[in-house]
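One structure is given here, and the rest of the page talks about it.
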Amino acid sequence: MTRYYTEDHEWIEVEGDVATVGITDHAQSQLGDLVFVEVPKPGTELKKGGEAAVVESVKAASDVFSPVGGRVIEGNQTIEGDPAMVNSDPEGAGWFFRLTIADPAELDGLMDGAAYAELLAGIG
Amino acid sequence: MPETDAIVDADSVGEPAELPLDGWHRARGARMVPFAGYAMPLQYAGPHGGIIAEHDWTRTSASLFDVSHMGQILIEGEGATAALERLLPADLAALKLGHIRYSLLLDEHGGIRDDLLVTKLTAGVDRFSLVVNGATKADDFDYLRADLPRTVSLTMLQGVALLALQGPAAAAVLGDMIPGISPKLGFMRSVMRDWRGYRLNIGRSGYTGEDGFEISLSVAGAAAFADALLADERVRPAGLGARDSLRLEAGLPLYGHDLDRTTDPVSAGLAFAISKRRRAEGGYPGVARISQALAEGPARRLVGLLVEGRMPAREGAPVFAGPVAVGRATSGAFSPTLGRPIALANVESAHCAPGTFLELEVRGRRLAAEVVPLPFVPHRYHRAGASA
């Protein structure tokens, strides 16, 4: 299992040709208290960098983009019922969706954990 | 995942100015965002931080807000009362010492240039203070200066902070710090007090729907006063995010969102700000349009919408009655108190009766919404004469 990160603060964990996607702890802390989450339905075709999910905090809406292209296997229904779970466990039980990766080459250029930590350090 | 804070204004240019308590906020883990030209605390870090926790604490105990971005303008001199009445629809001639009125700065068409609080500072003398919105304070000052006669002096106060202590415990907290103040002072009354050598101008007012105070004092004493308030365990700091969700639940319009120059006071639900004598006598800007709206009812109104489901509708969302577009949302958020989304919307008057079912369009989807009376959450102001 390998975990990668995007500059938009999504994480993607890859196991074979299946990946799980969520938002990072930094992302949830910037958004603040989440009150609404919408995840993609199974069968949805996503493009790399395309809109995949929506999160709303008390004040604002944001999009979650898919780090790679592929077909959605499952959206996390639990976080739709309990959006605060994304605040409390963003990189675990607060995952957003799973998909089958269309083109593994699209993983190239995503950051590993060390590179993402460096990006966060730069944000301060 | 781009960050989008709906209350942060996109049109502020250049580096935001620092609040007097900027370092104080940062030391408490505040997340600072640009608003009204200032870096403002959106919310605080820590176990009690976050918009929902800060909002809930304000409704159950007391929160300290820094609203020093707002403009404090002193107006004094012979003829100031009459001159101000040419610009505001309030009955300033009848305003008593220490009384505060909510009023509106109107343009010649009856459009709202700003909303403000005006306080009568001295009995028998033409002397008032205005508290105006931060984003509009420079324009307000220029507009006032251009209209007021030379006998009237106009001063934008510098070196003063404005702190708001809001919530059901606010009076007890302030009463413990400044004995004798709270039970006597009613809502929309102000008083001067000294605290550790600093002069405090304390008004029983605020913009959260809760009992509370807005306290003006010199920047030199502001951090010590804020620290003294926070030393009371009933008080926690709260940011701009909670202030916005609180004022929306209280049905209080926010300038630049629910109010602007395209809106007249009657459409905005602010007809109460036009005093009885002024309705009869006129003599304020836009009197023709406003009198007509008062007599015949406005074409559009600001209404409260209770939104079905959990997905919030934000400012700008179109409002539909069946297939017909009848308005737009001017503010929208998730209500922490009600646990569901709420919105203010500017809607054609035919669709404004409480109980009317409308729809809001969000990301191409229609959300059911019901027109409800404002406020969404009842006000708990301390009325003069009411028991403490």
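The backbone N, Cα and C atoms fix where each Cβ goes, and this holds for glycine too.
Just so you know, TrEMBL annotations never went through curation; they're auto-generated.
What you are looking at is a predicted structure, and each value in this text was computed from that prediction instead of being measured.
In TrEMBL this protein carries:
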| type | residues | note |
| --- | --- | --- |
| DOMAIN | B:23-276 | domain 'GCVT N-terminal' |
| BINDING | B:Glu214 | substrate binding site |
| DOMAIN | B:300-377 | domain 'Aminomethyltransferase C-terminal' |
Q. Within 10 angstroms of the C-beta of B:Glu214 (substrate binding site), what count of other C-beta atoms is obtained when all protein chains are considered?
A. 23
Q: Summarise the model confidence on the domain 'GCVT N-terminal' (B:23-276) as a single mean pLDDT, whole number.
A: 96
Q: Give the residue counts of the domain 'Aminomethyltransferase C-terminal' (B:300-377) per reduced DSSP state, in the order helix, strand, coil.
A: 3 helix, 47 strand, 28 coil
